[in-house]
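J.: After the structure tokens below, expect a handful of questions from me.
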Amino acid sequence: MTLEATAIEATAIEATGIEATGITATAIEPTPRRSPGSSWLLCGGCGTMLYERRFAREGRVCADCSWHAPMTIQQRLDLLLDADSARPVDVPAIDGDPLEFTDTRPYRDRLRDARASTGLDEAAACVRGTIDGNPVVVVVMDFRFLGGSLGATVGEVFTRGAELALRERTPLLTVTASGGARMQEGAIALMQMAKTSQALGQLDEAGILTVSLITDPTFGGVAASFATLADVIIAEPGARLGFAGRRVIEQTIRQTLPEDFQTAEFLLTHGVVDLISPRRELRANLARLLSVSSRRADGIPRQAGRPDRAVVTDPEQLARRDAWESVRAARRLGRPTTLDYAAMILEDFTELRGDRMSADCPALVAGLGRLDGVPVAVLGTQKGHTADELRYRNFGMPTPAGYRKSARVMRLAAKLGLPVITLIDTAGAYPGVEAEEQAQAVAIAENLRLMAGLPVPVVAVVTGEGGSGGALALAFADRVLMCANAVYSVISAEGCAAILWKNPAAAPTAAAALRVDARELLRLGVVDGVIPEPDGGADADPAGTAARLREALRGALADLLPLDQMNLVTRRRARFRQFGVATPAPATAPAASDDAHESQTDRSVEATR
């Protein structure tokens, strides 16, 4: 929560020297107010009395309203890093007043006063450290220093930190708190947006994880550069992020904005941030992300059982069954969902949300975790087990935002060199007016093109329904498997019956004609293997089904991870090239490049663009 702003305070803008984003001093940073001569503070959110020592022990979070108070650089480092692990990174001094700027006071005087009042040299600092033993380079901002504004020195601190992360191949964590670019440095301050963005681009090219922690507030030039370019964006509860401030927008468009506008909660719904993390959970969330940020050269899953028993590859070993019965079995609500499987077969799974454009689609979940110790990216459609969950999850039918979210996470997997696992249980892509307005067809097509050249292993499993292009958009893979009671088809049996038989009641006949069941699809070569289900089906024994799925995935990854990028992409393209031709066409290798023969442990994102 934040104190309500009542007017734009010119003195606050003058003091901080940030760009005019339309945020007031009270809206920018409500701080706990100290009662004179007392160890008690007043909460900046709800106004309740806070005992200072207890407030500090609880991470400067109000126990009554969960308001997250601002933190200094040192407080932030103490919260996040392992004890005694922080090692400051020196940044050479640069000219702090390139324009010799004076308004009502000389800029150099403002800098001198900010240094005296905060004990800091500038609004940002860089350190090396560890989080739960995972090495990380951290750049932290402090709003107390001229509103955390972005000037030449702050830009240099960030860029030096990014370059250090690049040299040491260490993840970069940025903690932002800023009102925007520093006006007293003019166009030099503006150029820091380009300079810092360029530095993050180099980390992308090198395959190094970047994480941004958004704290309140993060606006203007910082929001429009390094704060939002990270691979993963975490926000503290209530933290606000935006380019223009609320008041500027309201005055421009003459509309009253939602109460939660630009808050972390608003941004999560609108696809901008991956997760909201209370302070007490930050270290654990960051440690999980850092632990799965790259795959070791020896990262091959162990085979706990016999692969030939985990997956059936000969259709004659599968019993014939009625296709309509398979359709009905695939739709049973008790079948495990993607999140169920993630909880049962993965360690340290962290869900990532949002398409970074406009929305988060709850019908498609994505994230990073570890399978038998091997870091992986997992994507899957999500239905649910109750009527309320089905409605919330859009009955497992992804919108364009869902497919764009999956593409974002697949590109991240390619950058980090992580194998991709997709789990598919959907009647198809969501058919609606908004979906068409947002280019549903384009989103599906772009996923297909992306997956065709993804330079990491991809394993797809149809766990329930595999409906048309909406399913295929996650199933362009090196290895395509399906559960024994799953189905996969160009159209639903009911839809086919209505169109071709002119009678929806002919759905059982249409299902048989479409050959939607596992045995027929294995015989046709559409799938590479079938995962047997326990007696009674996956819904009768979710844990047993998950164990079989885990073993099947282990076997597939053990086969695929040793292959280099050229082999992977060539084989994947050849697999899909041969459908519909009597004689398989010769495989066409990807265009030659300098890293065409690199192993999967080498990082490359060029093939995903």
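Heads up, the Cβ atoms here are built off N, Cα and C, so glycines get one too.
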J.: Looking at the ranges 43-65, 181-203, 342-364, which is given as zinc finger in Swiss-Prot?
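T.: Of 43-65, 181-203, 342-364, Swiss-Prot gives zinc finger for 43-65.
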J.: On a count of neighbouring CB atoms within 10 A, which of the binding-site residues Cys43, Cys46 is highest?
T.: Cys43
J.: Please identify which of Cys62, Cys65 has the densest Cβ environment, defined as other Cβ atoms within 10 Å, among these binding-site residues.
T.: Cys62
